[in-house]
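A quick write-up on the structure given underneath.
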Amino acid sequence: MKSIIFITFFIFFLKKLNGLPNGYGVGLVDPNGQCMNYIGDSIDQPLCKNKLSNNGEFIYSTIGNSLNSQTLSQQTIAKSFEALTFIQNQCQDLLFAEYGICNIYLSPCIITTVAPLKNISLPQRLCNSACQRMVTNCPRLGEKIDCSISFLFPEVGTLYNLSDYGYKANGGLYEVPCFNPTADYDNSSSLNEFIEICPSPLLLKNSSDPKYSKRGYTYLPPTNCVLPCPVPNYTKEKWNQIENLSKVLSTISFVCSIYNILSFGILKKKKTKYTICISALSASVALINLGDIIKIGVGYEKVLCPEPGRFATQVDDPLCGLTAALFHVGICSTVLWTTTMAIYLYSAIKNIKLFKFRYFIIFNTGFSLTSLIIAASASKFEAGTGSIECWIRDRWYSICLFWLPCGICLLIGTICIASVIVEIYKVSKNIKLSESETIMRQIKPIISVILVSGSFTYLFIIFFDIERNFGGYRSAVTDYVLCLLNSTDNGIECHTSGPSYNPYFMFYFFMRFFGILFFLIYGTSKNARDSWYELFIKIKVSLSETSSTISNNSGGGSSQQKQQQQNEIKLEKI
């Protein structure tokens, strides 16, 4: 049916083209067209109220399949406003552009009587001068709006062939003058303001309002649109995988860390430098995991994304600050105690006497707490745009307070471990490693330091790779916005550019595997088993002593009873 109408219109257009007056376009008559009142803007999304001629009393509409064409027009207008929102810094006279767009898709309507009891509703097209004003002040609109199409944007008016409906004057051509919204714009522009619309899932938040500015929203200039939280670097399913990984590993790792703390820090009577290092490392990892356990209890999204589109900050969200503090102290201490263990391994192999161990304790604790105080006092803890934890998100603060100093520590630890390996290689040339008690005692610490140092080296590589490509990730947001503007499924298939998923997944895996790693290396050792064995022996002895005391007391009481009974018998005999 549509093809027949188009062919008829095209033949008519060719017939009339030579005799068509200048400044006129040719319009197509739709028998289903009606002049109707504007259905109105939705409650939550203003569009064209106060921007239509006659206050929207006569809008050209068609009714088909129980759907008012105005509804479809509103959807098209909303998409146009979305595009206009993101090119607003390239345009002037933005409000007039929105007036024009409203009157293009919600055209004024004229009713004409062509025969007794026969009325025809015809659209009044936007004048070419108004169209030219729109694209001149906003050239990017010219990519979507072609003002040279005369039947959409006539200079004077539109001619409709109503001869089939009984109209005979002017050869059956009925003239409808074009509509210029300039007068309406001049009279009512003070009642309106430029309407920004953000394509889903972006949200609109006024950046000039203190309620929203600098509270964890990530704005997309030049708009007031903010990225969703969490940022859509990956699909929802992949984010769930990372979250589930964190939940499972953090819980297991926390339990393993507590076990090591009890085994080497509390139950162990005779504490050595290595048992202190193991306890300190396990406590550090437990702090990291404790932050995750808090998020599991409260809910990851409630902690990291307390409001739609807003990432948590320590100023407005105390739980974010708490989990960030636990994570920061934990991860700093893990690096420092790993380095401490590497230094002591090297000193043990080389028989070098170091300064007193308490200085390591003071430095490691002091640095972790000092860097925490600096970051917290500057309010630098917040949830990241692509992270499942709160931490330092300011680039220079994170580099100065963690990556640089801890990188130096890891370098020192790596040098120490490399030296230890070289020393072991030298020893292995002369004797079997199994015959060297000193080296055999250091095997497990060496393995743990190598694995932890290797894991942190991987984290460093990932971090600086993200930093190196950060500019590319930011510039790729343009492609993400274009995808949203052209999307028909609310942007479900659109994703921002970020780190590759697999390396990012492993990034979180390593940070939450340390507790399990230390348990496998130390928690299953004879030293750990002996600590618990001694505890069980103490409990058993204590229970035995208690039972014996109760038994003795019970025995003594029965003897007295027997003696009393015997005395009573003697009295009876007397």
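Backbone N, Cα and C atoms are what each Cβ position is placed from, and that goes for glycine too.
Owing to the predicted nature of the structure, the values given are computational and were not obtained by experimental measurement.
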In Swiss-Prot, is the topological domain of Lys269 the same as that of Asp479, meaning both on one side of the membrane?
no
Second cysteine of the disulfide that Swiss-Prot assigns to Cys138, among Cys91, Cys102, Cys178:
Cys91
Consult Swiss-Prot and report which candidate among Cys35, Cys48, Cys178 shares a disulfide bond with Cys109.
Cys35
Residue among Cys127, Cys225, Cys229 that, according to Swiss-Prot, closes a disulfide with Cys178:
Cys127
Swiss-Prot annotation, disulfide partner of Cys48 among Cys102, Cys131:
Cys102
If I look at Swiss-Prot, which residue among Asn206, Asn552 would I find recorded as N-linked glycosylation site?
Asn206
Sequence-distant neighbours of Cys102 (disulfide bond) in its chain (C-beta under 8 A, six or more apart):
Leu47, Cys48, Lys51, Leu52, Ile77
Using the alpha carbons only, what distance in Å do you get between Cys91 (disulfide bond) and Cys178 (disulfide bond) once rounded?
25
May I ask which of the disulfide-bonded residues Cys35, Cys109, Cys138 is closest to Cys127 (disulfide bond) if we compare their C-alpha atoms?
Cys109
Where does Cys178 (disulfide bond) sit by DSSP, helix, strand or coil?
coil
In whole Å, how far does the CA atom of Cys109 (disulfide bond) lie from that of Cys138 (disulfide bond)?
27
Against the transmembrane segment (446-466), which of these stretches has the most C-beta pairs under 8 Å: 247-267, 359-379, 402-422, 503-523?
503-523
Of 359-379, 402-422, 503-523, whichever stretch has the most CB pairs under 8 A to the transmembrane segment (247-267):
503-523
Reported in the order helix, strand, coil, what are the DSSP residue counts of the topological domain 'Extracellular' (295-324)?
16 helix, 3 strand, 11 coil
